[in-house]
Amino acid sequence: MAANGPKCTAVDCDDANKSLKDPINVAVTGAAGQVAYSLLYMIGRGEAFGKDQSINLNLFDVNSMMRSLEGVAMELEDCALPLVNNILLAPDVETCFKDAAAIFLIGSSVRIEGMNRKSLFQASVPIFKEQAEAINQVALKDVKVLVLANPCNTNAYVCSHYATCIPKENFSALSRLDHNRTKVQIARRLGIPAQDVQNVVIWGGRSGTQFPDIRHATVSYNGVLQSAVSALADEKFLQNTIVTSIQKRNPAILAARKLASAMSQAKAACDQMHDWWNGTRRGEFVSMSVLSDGSYGIPKDIFYSFPVQIRNKKWRIVKGLPIDEFAREKLDASARELVEEKEEALALCEEVDVDQGGTLTS
Ligand SMILES: NC(=O)c1ccc[n+]([C@@H]2O[C@H](COP(=O)([O-])OP(=O)(O)OC[C@H]3O[C@@H](n4cnc5c(N)ncnc54)[C@H](O)[C@@H]3O)[C@@H](O)[C@H]2O)c1
C-alpha cells in the first residue's frame, strides 16, 4: 500500500539532516571476543565518538579467530548502521592501527585457571610490545589508546613504554566499569536513577586492592543536590558493603552467566572513550586510569585510576579532594601493588628486548 505524504526513514527522523563528519579510523583488537561483540555495535551507534561521526572500523584478532571475525563483520554490516563507513578485517596489527584516531586494546592472552600473575605477564608483555611498536609507527600521533585487556593498568604501562613517539597521556586503562557499578550501588540503595549520582571515584588498579570511594559523590535525592554520604547515612555501607560488593561483582556475574561480564565492560569502555573524546560535564569528574603525576602521594609513572576532568580531549587529575585515614590506607595499598606489577613487567620487558636482540627503549 502506497503511503501519502513526505517519505521519512528512521534515520531522517532521528537525526534530521545532520551531516556526518569525515570518517575516523577506530581500531579494535580481540575483535572476535565477547567484549568486542557488544562494543562494536555501541561504537557503530555513535555512543563513543558522537552521532555525527562517521567511522571506519579496523578489526584484528588472532589467525585462528579470523572465521569468527568474518561472522562479526557480517552481523555489523547487517545492522545497517549509518555511521559505519567501512569494516576492515586486518591481517596484522600494523594494518589495524594505520592512521587510527582511537584504539581499543581488548585482545591478549587470556588467564587460564591455575595461571599466576607472572605467567600472565610473560604472555602479555611481548603482545603489548608488538602492538605498541605498531601504534608508534602507523597510528595518528594524537591517537587515544584505551586498554581493556587485564591486567589493564600494567598493560597500558607497557604500551606507553614502547610507543615512544606517542605522548604517555594518550594511553589509559579502563576503570569505568567499577565507576559505573559504584554509581548503580548508590542509586539502588537510594531508589534513584544512576544518572542522579555523580563524582564517585575509583582509586588504584583493577584488582582486589582497588578502592571505590563515595565520599566525594553527590546525589540528586528528594529534589535536592546533596552529598551521597549524608543521603545514605549508613557508615557500614560506606566502609565495607560497597567495597566488597564491587569486588564480588565479577565472580557473581561469572557464576550466574557462566561467562565473564562483557556487555557492561563494553558500555564502560564506550563511556570512558566518550568522555575522553567529548569532555566531561561542568562540575563532574569521572574515574580513569592514567599516568600518575604524583597527585595524592601516589608514585609517579604508574597507571592508576584517579578522578579526572576532560576538556579538548585532554584529561586533568582533579586535585585537592580530602583523603581520610581509611582511604589513605586503601590508596597506598593499591599503589604498592601497581608499582610491584610495573617492576615485574619492566624486568620482563628487558628479557623480551634481550631475546629479540634489541636495546632497551627506556
Ligand atoms: N575485569 C573485568 O571485569 C573484565 C570483564 C570482561 C573482560 N575483561 C578483560 O577483557 C579482555 C577481553 O575479554 P573478553 O571477554 O572479550 O575475552 P574473549 O576471550 O571473549 O576475547 C578475547 C579475544 O582476544 C583475542 N586475542 C587473543 N590474543 C590476542 C592477541 N595477541 N591479539 C589480538 N587479539 C587476541 C582472542 O582470540 C579473543 O577473540 C580480557 O583481558 C579480560 O580479562 C575484564
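Placement of Cβ uses the backbone N, Cα and C atoms for every residue, glycine included.
The annotation domain 'Lactate/malate dehydrogenase N-terminal' is assigned in TrEMBL to 25-171. The NAD(+) binding site annotation in TrEMBL covers ASP61. According to TrEMBL, the feature substrate binding site maps to ARG111, ARG117, ASN150, ARG181. For 176-347, the entry in TrEMBL reads domain 'Lactate/malate dehydrogenase C-terminal'.
Feature map: TrEMBL annotations on the structure.
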residue: ASP61; record: NAD(+) binding site; Cβ contacts under 8 Å, 6 or more apart: THR29, GLY30, ALA31, ALA32, GLY33, SER68, LEU69, GLY107
residue: ARG117; record: substrate binding site; Cβ contacts under 8 Å, 6 or more apart: PRO151, GLU341, GLU344
residue: ARG181; record: substrate binding site; Cβ contacts under 8 Å, 6 or more apart: PRO212, ILE246, ARG249, SER264
Starting from the Cβ of ASN150 (substrate binding site), draw a 10 Å sphere and report how many other Cβ atoms land inside it.
-> 19
Secondary-structure category, per DSSP, in which ASN150 (substrate binding site) falls | coil
Of the binding-site residues ASP61, ARG117, ARG181, which ones put their CB under 6 Å from ligand 1?
-> ASP61
Secondary structure content, the domain 'Lactate/malate dehydrogenase N-terminal' (25-171) (per DSSP, counts of residues) | 68 helix, 30 strand, 49 coil
